[in-house]
Protein chains: 2
Amino acid sequence: MTSPLRIAIAGLGTVGTGVVRMIQTHGELIAQRAGRPVEIVAVSARSKDKARDVDLSAYAWEDDAAALAQRADVDLVVEVIGGTSGPARDAVEQSLANGKHVVTANKALLAEGGHALAKAAEAAGVALRFEAAVAGGIPIVKALTEGLAGNQITRVMGVMNGTCNYILTTMEHTGAAYADVLADAQKLGYAEADPSFDVGGIDAAQKLAILSSIAFGTEVDFDGVKVEGIERVSLMDIEQAAEMGYRVKLLGVARMNGAALEQRMQPCLVPATSPIGQLESVTNMVVVEGDFIGQTVYQGPGAGEGPTASAILGDIIDVARGLMIPAFGQPATNLVKAERAETGLGAAYYLRLTLEDAPGVLARVADALGRQGISINQMRQNAHEAGTAPVLIVTHPCGRIALDKALEEIAAHKTSLDQPVALRIEQV
Amino acid sequence: MTSPLRIAIAGLGTVGTGVVRMIQTHGELIAQRAGRPVEIVAVSARSKDKARDVDLSAYAWEDDAAALAQRADVDLVVEVIGGTSGPARDAVEQSLANGKHVVTANKALLAEGGHALAKAAEAAGVALRFEAAVAGGIPIVKALTEGLAGNQITRVMGVMNGTCNYILTTMEHTGAAYADVLADAQKLGYAEADPSFDVGGIDAAQKLAILSSIAFGTEVDFDGVKVEGIERVSLMDIEQAAEMGYRVKLLGVARMNGAALEQRMQPCLVPATSPIGQLESVTNMVVVEGDFIGQTVYQGPGAGEGPTASAILGDIIDVARGLMIPAFGQPATNLVKAERAETGLGAAYYLRLTLEDAPGVLARVADALGRQGISINQMRQNAHEAGTAPVLIVTHPCGRIALDKALEEIAAHKTSLDQPVALRIEQV
């Protein structure tokens, strides 16, 4: 097997040019490790004329990404265009249909249609690989699909959006407000002009849905992820959490509750001394727990040209070596459509209520909680501006449904001046 | 490929019975993921009559482990006997010679003869896999060999001996002396009756030598690892390190200095806020740095029945899936015999000297250091028993050869009452 693996690259943004650069830099090293050369034969992007700092002159050019799928001289197509429709989807679907292996970083496409794509790859007898789609450079898809394959996975957790972790840790370290740190992150290039995909938790939830499928043998179910963003986390929440020995993280958790799959992506309080609690800045972390292995932790850069290219090259080298594993670790027809867990196991919650500063207000809150069977572990009312009283409550463990009922009632009180904030306290 | 993968297990201690238990527990799950059943057909151990809490009645028994290698009904032999000679070596060598795949947890055997075994496996066209030999359940061999294969690896570091990390962190948390904590660790089963293999750094150095070979494409060179144990680390060292913002870890570091391979396993001071600095108790951690990926960190249980069995099952499932990668990530004939770096790059050192409490003694120490071009960053003489003065020095970055010369001179002073202790300060 010394004939080259011939690849085409669809998309020449940061990631695409990173893949070109990595292959140009390490061609010999890659050939030694893969057992055969990896050769770029063709590329495609929206604009041929755009200035790029890699030399593309040796490669054929296609204006249409899907045309790469038609080329007889291509064995594998790397899709790094992004998006769930148009050229990205066309390139992936047509490559699989034409018997080309596909390596993609496209988490949105996989979260939406991963199961169908896996079926298409298996029908064609080709590989569909996506290490770069989850937690950037960390080889977590490989760890879960292969290294830990003998285990019943019991829980997968992760901090998988660097923008959110940067914002939350920077708020803590600088004492700046959410909006100010977000604006800075946008200037630094850590956050998009429209940040909703990141701060709203969607990006991280897509990654979690992909990992869940591998971990639990279920069809990818992105719509089944309960998603909350970090937009309403305030500096006060972060400071209060720190005082109690916690840090606030946008945390994804997936596990089976009996036959039902629980998938959550939400800001949580986690112990400050835990590996997740210690995570700083844009770094990503995934925690995988299995019945024989116990807990393993994986940390690394979650984005960027080099790390993403590294993940894509890992996949390409796997294919070059002849590794053929179903996309989600077992044949797509084996994957079951899991029912959705309506709620997670009970947990303690941190609550922040903004109440009118008037007699009897607190009693009504305590009463609303009590009628849902929720008991209060700590309650604190800090110094406040005249007229409003931010009240902080830590509950004893309770169910989310009961909590939501109580919070709905509290929010309807005339004395509630803002929607309550509820952050789950997760023992990680 | 739905015919079963038929395996034999040589060795039925904790790890061997763990593998049996895992296959008995997860037979169906493993078959789904591997694409074919994994079946135990034969086992071997020193004593057939020993009570074991797994049912072995369905498997053929061989008194001689090497006899497993002769069986026509075996595709893969799991070697978990341990040791570099006798039945372990025979079982591995004869299995490879007879065209059986081998999965082993035997770090000593690999550290001593890994290169020859890899050649034998390649000549026979079978797999030689050893995820369990390094950092227990953490899939770090896979990450390095496969996930990060597109990178030039720039540095590998690890805390890979749970016994040592347990002793060092327990000394810090309880204020107990080394000997007392070691005795407790022996009672708890964290340390062997003869602990020298662990506390002397040998066990961890074997693991480092294996990772170096994969990372840098060099023949395994265990004798090239500069090894120091933790026996002389005192509570005072740990407390002083903590005051300066460091923790003491038995840390392995491997990297290329030009064409020379630097491999060290020694107690070091590492920043307390770094991932390695935060590592507690028996947990293992490996840090891998590559030119495109940057830094990735892997944490998990480094020993024990479940984690070790998990690593072995990962390897078995890889073989069942048809994965065939050379043992050290590229053909054994490609691996180069690297020269040994005589010394690492310069670093600051923490020194503890036990000196006679007399006039002029400190001046002679400073003079000895100064004549080797070593300048002092901090010096501190703490309260002490009458007659002896423990002196603590932090140097500016210096070379190890110059430092050793100075320390040799200082040790020869009549006023030196004990061998100096020197701990490298490693920026991790």
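Backbone N, Cα and C define each Cβ position, glycine as well.
The Cβ of A:Lys207 (active site, proton donor) lies under 8 Å from the Cβ of A:Lys107, A:Ala111, A:Ala133, A:Val134, A:Ala135, A:Gly158, A:Met160, A:Gly252, each on the same chain and at least six residues away in sequence. Residues or ranges marked as active site, proton donor by TrEMBL: A:Lys207.
Per TrEMBL, the feature NADP(+) binding site maps to A:Ala10, A:Gly11, A:Leu12, A:Gly13, A:Thr14, A:Val15, A:Gly16, A:Thr17. A:Ala10 (NADP(+) binding site) has a Cβ environment of 29 other Cβ atoms inside 10 Å.
For A:Lys107, the entry in TrEMBL reads NADPH binding site. Following the DSSP three-state reduction, the secondary structure of A:Lys107 (NADPH binding site) is helix.
The feature L-homoserine binding site is assigned by TrEMBL to A:Glu192. When secondary structure is read from DSSP and collapsed to three states, A:Glu192 (L-homoserine binding site) falls in the coil class.
Using DSSP to sort the residues of the domain 'ACT' (A:350-428) gives these counts of helix, strand and coil: 24 helix, 28 strand, 27 coil. The feature domain 'ACT' is assigned by TrEMBL to A:350-428.
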Minimum Cα separation from A:Glu192 (L-homoserine binding site), reported as the residue among binding-site residues A:Gly11, A:Leu12, A:Val15, A:Gly16 that achieves it = A:Val15
Cβ-based neighbourhood (8 Å from the centroid) of the NADP(+) site, residues A:Ala10, A:Gly11, A:Leu12, A:Gly13, A:Thr14, A:Val15, A:Gly16, A:Thr17 excluded | A:Ile9, A:Gly18, A:Val19, A:Ala45, A:Val80, A:Ile81
How would DSSP class A:Leu12 (NADP(+) binding site) in three states?
-> coil
Note: among binding-site residues A:Thr14, A:Thr17, least Cβ-dense neighbourhood at 10 Å is A:Thr14
Measure the Cβ-based neighbour count of A:Gly11 (NADP(+) binding site), defined as the other Cβ atoms within 10 Å of its Cβ.
-> 26
